[in-house]
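Reviewing the structure listed below.
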């Protein structure tokens with residue numbers, strides 16, 4: 001009786017040491033091998049098609065192919081693949097020594113570690129919701145947000161269609177018509193565009209039947225006495241200054257966004273994208289290559305010389321060609337260094353009376369771009385990547401310069417319709433895209449905190 005008991009004990013010990021072998025058919029390591037590296041599965045990740053691979057093998061495959069499909073059957077996966085916990089635990093219990101050696105080798109390979117980090121970051125971008133929220137109904141939160149974006153897109157489309165159909169033809173604008181061919185109504189239109197105060201003198205110009213030819217002959221003395229009687233010296237100076245510009249150019253100089261776009265379609269498109277993607281380089285370009293026409297009016301608008309100049313007319317600031325003072329330069333350089341998009345928002349704020357909706361789109365877009373820039377700086381700081389800032393700056397400078405050079409080279413070949421589409425897209429639809437980007441950054445930040 002003692003010998004059978006001893007045999008039973010020895011068999012139980014063997015079963016405890018080799019549980020797989022004692023259960024009938026033996027299981028080999030090859031049955032738990034990855035079909036990419038043909039080695040034991042480490043952190044096995046099962047795809048929708050049912051195939052399982054090492055997680056680092058899947059990351060390397062994704063990095064090299066940039067495709068979200070199975071390396072074996074090429075079926076696309078949905079969502080973001082996760083580690084098969086049950087299969088992982090079973091393999092670690094069956095082959096602990098092999099798994100431990102493989103994990104050590106993987107951790108020592110920098111390329112594999114970087115691929116895993118990039119793959120996980122891609123997954124976080126695909127699933128930005130915080131884990132603590134559980135499985136939130138996507139139709140509840142996402143549906144509301146998509147509804148807001150749809151409404152904003154609809155407003156942008158309506159505004160674009162209204163503007164495109166209601167505004168004058170670009171060929172009919174005064175910026176394209178010689179002064180000596182202006183009619184009485186066009187002279188009055190030119191006068192009213194100088195500012196709200198110019199409406200005081202509208203009837204006087206109409207009663208004298210002032211057309212383009214007569215306008216060119218008027219002098220300061222004639223403006224100061226009857227029948228014009230412009231007693232306000234500031235008003236008279238603005239009219240004379242603008243009249244000198246008209247005489248020098250032969251046409252009306254642009255005084256709003258649409259007239260500037262009609263006269264300078266290429267420059268307006270270039271400046272819009274430059275100030276959107278790289279405001280610091282865009283303002284530097286204005287300082288170096290467009291100092292008198294663009295930079296001086298810009299700095300006098302956002303950094304006025306007098307503190308009580310808030311009531312000053314916007315067109316008066318545009319005609320101010322005096323050199324900025326040191327106080328203006330200090331204010332400008334501080335904002336230029338830390339909040340460049342605020343400069344654009346302040347400039348658009350002064351144009352609210354002229355461009356009601358367009359200025360608001362620009363202001364909102366400037367705020368969103370400032371928030372995205374702050375998120376970028378925070379990401380660099382939190383990841384201790386300050387050493388990469390010079391390289392990032394050089395890459396950004398090279399990218400913007402290359403795009404500007406490419407546009408300058410191929411500008412004559414680009415159809416005007418395409419340029420208009422790009423212009424209106426950046427003006428009205430880019431803020432809607434940036435709203436979505438800001439929401440994603442906020443959700444990603446919540447995920448990292450939680």
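Even glycines carry a Cβ here, placed using N, Cα and C.
Quick look at what Swiss-Prot lists:
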type     : residues : note
COMPBIAS : 1-20     : compositional bias 'Basic and acidic residues'
TOPO_DOM : 1-140    : topological domain 'Cytoplasmic'
REGION   : 1-25     : region 'Disordered'
ZN_FING  : 34-74    : zinc finger
TRANSMEM : 141-161  : transmembrane segment
DOMAIN   : 182-249  : domain 'SAM'
CARBOHYD : 232      : N-linked glycosylation site
CARBOHYD : 308      : N-linked glycosylation site
TRANSMEM : 332-352  : transmembrane segment
TOPO_DOM : 353-360  : topological domain 'Cytoplasmic'
TRANSMEM : 361-381  : transmembrane segment
TRANSMEM : 405-425  : transmembrane segment
TOPO_DOM : 426-450  : topological domain 'Cytoplasmic'
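Looking at the zinc finger (34-74) alone, the prediction's average pLDDT is 86. The DSSP secondary structure for residue 232 (N-linked glycosylation site) is coil. Taking DSSP states H, G and I as helix and E and B as strand, the topological domain 'Cytoplasmic' (353-360) has 5 helix, 0 strand, 3 coil. Within the chain, the transmembrane segment (332-352) has long-range Cβ neighbours (under 8 A, six or more residues past its boundaries) at 256-257, 275, 279-280, 283, 298-299, 301-303, 314, 317, 324, 359-360, 362-363, 366-367, 369-370, 373.
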